[in-house]
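Annotation source TrEMBL lists active site, proton acceptor at K2, Y222. Per TrEMBL, substrate binding site is recorded for R97, M270. Taken from TrEMBL, the feature domain 'Alanine racemase C-terminal' covers 201-325. For K2, the entry in TrEMBL reads N6-(pyridoxal phosphate)lysine.
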Amino acid sequence: MKANGYGHGLERVMRGFAAADGLALVEPDYAVRLRELGWTKPVLLLEGFFDADDLPVLARHDIQFAVHCEEQITLLEAYAGEANWHVHLKMNSGMNRLGFQPDVFRAAYARLQKIAGVRSITMMTHFANADDAGNPALPLKEQVRRFQAATEGLAGARSLCNSAADLMHGELAHDWIRPGVMLYGGTPGGGTAADFGLRAAMTLESRIIGVQDVQPGEAVGYGSRFVADKPMRLGVVACGYADGYPRHAPTGTPVLVDGVKTTTVGRVSMDMLEVDLTAIPGAGVGSHVELWGQGLPIDEVAFSAGTIGYELMCALAPRVAVREVE
């Protein structure tokens, strides 16, 4: 549920995930908000806490957290209040982002065991290349080997799988998995949503609000980046980068108009973008436009724009009206 439920809205996503065993995110205030909204099952902060002032709040709301550095353990050792901590001890198995190196992981585990308020220790790591298991810089099997070697014989649950690992390497699922983008119908790489039986949770749609007939040699949009080489009929869509559509999406990015695939033309503006209606003569002002969603996979749009579906989901702007459908 990171980033406001990948742009889908915290409360909305909480309701959708009512059957989940727990929810994970990174923002402490959002974790507290989940409790205020009535969520009673585990809540995990994937980056842990940031300073000593966070600890009383986490204790009061029974919020679990990752521990990934020595400084966090020191703060826990110094905490004098009552608490029932459920800690997720993170190992850096090669991604070099957060976590204890394998050779000091057991020492960190031992320190946590001595803290009176610690009730359980879950061991976790994060894969860099689960969607590219043979990556020579850091093969998936090497991360798994490091994790298994450093945790052998230690009591506690294990958590390894993110979306990519769960979809492509289900044998690595242990006590907890941490699916993210797959929950919203996006893919982490290595396949399409259809390949994995995923359905888009978000559809970004708008309408055609204007039509322009463009002649050969005429330019379109800011910077005149696109120049027509033939007569064209263009539709102006009420959606732009202020709504979360990527400004860097080039001419040729796919879009659906009245269910027919066409492409964007020219540079994306703050509130508008243009699409090619030349081959869709029946389309005009009022025509339905799908920027991504059920009919057009977000990953296809993201690939064309040189980014990933995660970024497009998370960038959805607050001004975009949201309508919930079953």
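Each position is counted from 1, following the chain as shown.
Every residue gets a Cβ built from N, Cα and C, even glycine.
Note that the structure is predicted; figures quoted are calculated from it, not measured.
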Between K2 (active site, proton acceptor) and R97 (substrate binding site): CA-CA distance (Å) = 17
CB neighbours of Y222 (active site, proton acceptor) within 10 A?
-> 12
Quick one: Cα separation, K2 (active site, proton acceptor) versus M270 (substrate binding site), in Å?
-> 26
Residue among the recorded positions K2, R97 whose Cβ has the most other Cβ atoms within 10 Å | K2
Check Y222 (active site, proton acceptor) against DSSP and tell me helix, strand or coil, would you?
-> helix
Which residues, sitting 6 or more apart from M270 (substrate binding site) on the same chain, put a CB under 8 Å from its CB?
-> G240, Y241, A242
The average per-residue pLDDT within the domain 'Alanine racemase C-terminal' (201-325) comes out at 98
Count up the helix, strand and coil residues in the domain 'Alanine racemase C-terminal' (201-325) according to DSSP, in that order.
-> 19 helix, 40 strand, 66 coil
